[in-house]
Amino acid sequence: MTSVVVVGTQWGDEGKGKITDFLSADAEVIARYQGGDNAGHTIVIDGKKFKLHLIPSGIFFPQKISVIGNGVVVNPKSLVKELAYLHDEGVTTDNLRISDRAHVILPYHIQLDQLQEDAKGDNKIGTTIKGIGPAYMDKAARVGIRIADLLDKDIFAERLRINLAEKNRLFEKMYDSTPLDFDAIFEEYYAYGQEIKQYVTDTSVILNDALDAGKRVLFEGAQGVMLDIDQGTYPFVTSSNPVAGGVTIGSGVGPSKINKVVGVCKAYTSRVGDGPFPTELFDEVGERIREVGHEYGTTTGRPRRVGWFDSVVMRHSRRVSGITNLSLNSIDVLSGLDTVKICVAYDLDGERIDHYPASLEQLKRCKPIYEELPGWQEDITGVRSLDELPENARNYVRRVGELVGVRISTFSVGPGREQTNILESVWASI
């Protein structure tokens, strides 16, 4: 039994797709356990970029099984579109498996997402308007429609009719919005269900059988710990649990079967949307990092907010997700800066604190306490070992590991597979 969980340790966009793709080379099964098509990851293979939102990164390995687990909320329209995109690129999807227990995102979820966000005015949380939150709301309220229901024509019609009647009343009476048509949704989405039917199964059986047989299973999280609905910057969070604990709920695999948790982070920090961000940069350094790092959302295209590396955030992520190994990405983006900074603690009303407050009001008053390190001017994109890094870059990497309290297993100096450098094999250490 060998399993590794990959989680984002910041606010998403840390390069999880790249690291998952890298670790997938030694895995036999790759599974997603939460989120939906609000999560975007970019994978570079032989210089070619692939952008995925729902399908696991392991799909590019045809001999390996890729799983969309029960904790994922699936937009069938987006899924069918993504499958077509992969087929057009010559990528087979015969190795894809989709949980019959996963919940379905329907047009009324997306419309409700938009209406709710608009109604918040200045208090918007920055949702991607993909219907993720409303779909998880229906799931928690026990009125959601699952993939298994979507495939059964009569059950789908019955449940869609009940749900749509309720949502349309909400649209008309509360939001003064246009109701949606039952027939149009039913025909379109039932057809999508038939298109994906071949991939649908009980994925918990596949995952547990693989683990019991001693196969290597890799679990891929979406978003990041700081967007976790329980452990993140609530309410500026997603509606699921990206933390490693979400694996057990979102995949049907027990906690005793998890061996390693790899936390993925960038050498700086970024986030899309609103919410607290203590180390955010508003100056020319921030603009430079954004442009050099191509910090624009994979899903939304929105410019990401950027800031210095925050070890307070990282220690929080380490605690709540049980991180055993760290993968540090995008070190190359910091090349050319005379000085690089790391937030080591916060100043809250004159008191130094080392933990991440739950209170948004306290977070607004938190000022980062920085440790400054000398930067490096060299181009490091061709570096293939820690020793090849300039001394100042090497010191930066080591200091990050010390402050977070987790050993660094890999570091990356660019988006390509070949630009990921191994310090310690995660699989070999299990």
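Counting starts with 1 at the first residue shown.
Keep in mind that glycine also has a Cβ here, set from the backbone N, Cα and C atoms.
Pulled from Swiss-Prot:
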- 12-18, 40-42, Arg304, 330-332, 412-414: GTP binding site (BINDING)
- Asp13, Glu14, Gly15, Lys16, Asn38, Ala39, Gly40, His41, Thr128, Arg142, Gln223, Thr238, Arg302: IMP binding site (BINDING)
- Asp13, Gly40: Mg(2+) binding site (BINDING)
- Asp13: active site, proton acceptor (ACT_SITE)
- His41: active site, proton donor (ACT_SITE)
- Thr298, Thr299, Thr300, Gly301, Arg302, Pro303, Arg304: substrate binding site (BINDING)
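The binding-site residues close to Gly40 (IMP binding site), defined as a CA atom within 10 A of its CA, are Gly12, Thr300 out of Gly12, Lys18, Thr300, Pro303, Ile331, Val413. Binding-site extent for IMP: residues Asp13, Glu14, Gly15, Lys16, Asn38, Ala39, Gly40, His41, Thr128, Arg142, Gln223, Thr238, Arg302, maximum pairwise Cα distance 34 Å (rounded to the nearest whole number). Nearest by CA distance to Asn38 (IMP binding site), out of the binding-site residues Gly15, Lys18, Gly301, Ile331, is Gly301. Taking Cα separation as the measure, Thr42 (GTP binding site) is nearest to Asp13 of the binding-site residues Asp13, Thr300, Arg304. Using His41 (active site, proton donor) as the reference Cα, a 10 A cut-off selects none from the binding-site residues Gly301, Arg302, Pro303, Arg304. Restricting the binding-site residues Lys18, Thr300, Arg304 to those with a CA within 10 Å of the CA of Thr128 (IMP binding site) leaves Thr300, listed by sequence position. Within the set of binding-site residues (Lys18, Arg302, Arg304), the lowest number of other Cβ atoms found within 10 Å of a Cβ is recorded at Arg302. Nearest to Arg302 (IMP binding site) in space, judged by Cα atoms and limited to the binding-site residues Gly12, Gly15, Ile331, is Gly12. Here Ile331 (GTP binding site) comes close to Ala267, Ile380, Leu389, Ala393, Tyr396, Val397, Phe411, Ser412, Val413: these same-chain residues lie at least six apart in sequence, with C-beta atoms under 8 angstroms from its C-beta. For Gly15 (GTP binding site), the nearest of the binding-site residues by C-alpha distance turns out to be Gln223; the candidates were Gln223, Thr300, Gly301, Pro303, Arg304.
Lys18 (GTP binding site) and Gln223 (IMP binding site) have their C-alpha atoms 14 Å apart, to the nearest angstrom. When the alpha carbons of Asp13 (IMP binding site) and Pro303 (substrate binding site) are compared, the span between them is 12 angstrom. Taking all protein chains in view, 17 other C-beta atoms sit within 10 angstroms of the C-beta of Thr42 (GTP binding site).
Closest to Gln223 (IMP binding site) by Cα-Cα distance, out of the binding-site residues Gly12, Thr300, Gly301, is Gly12.
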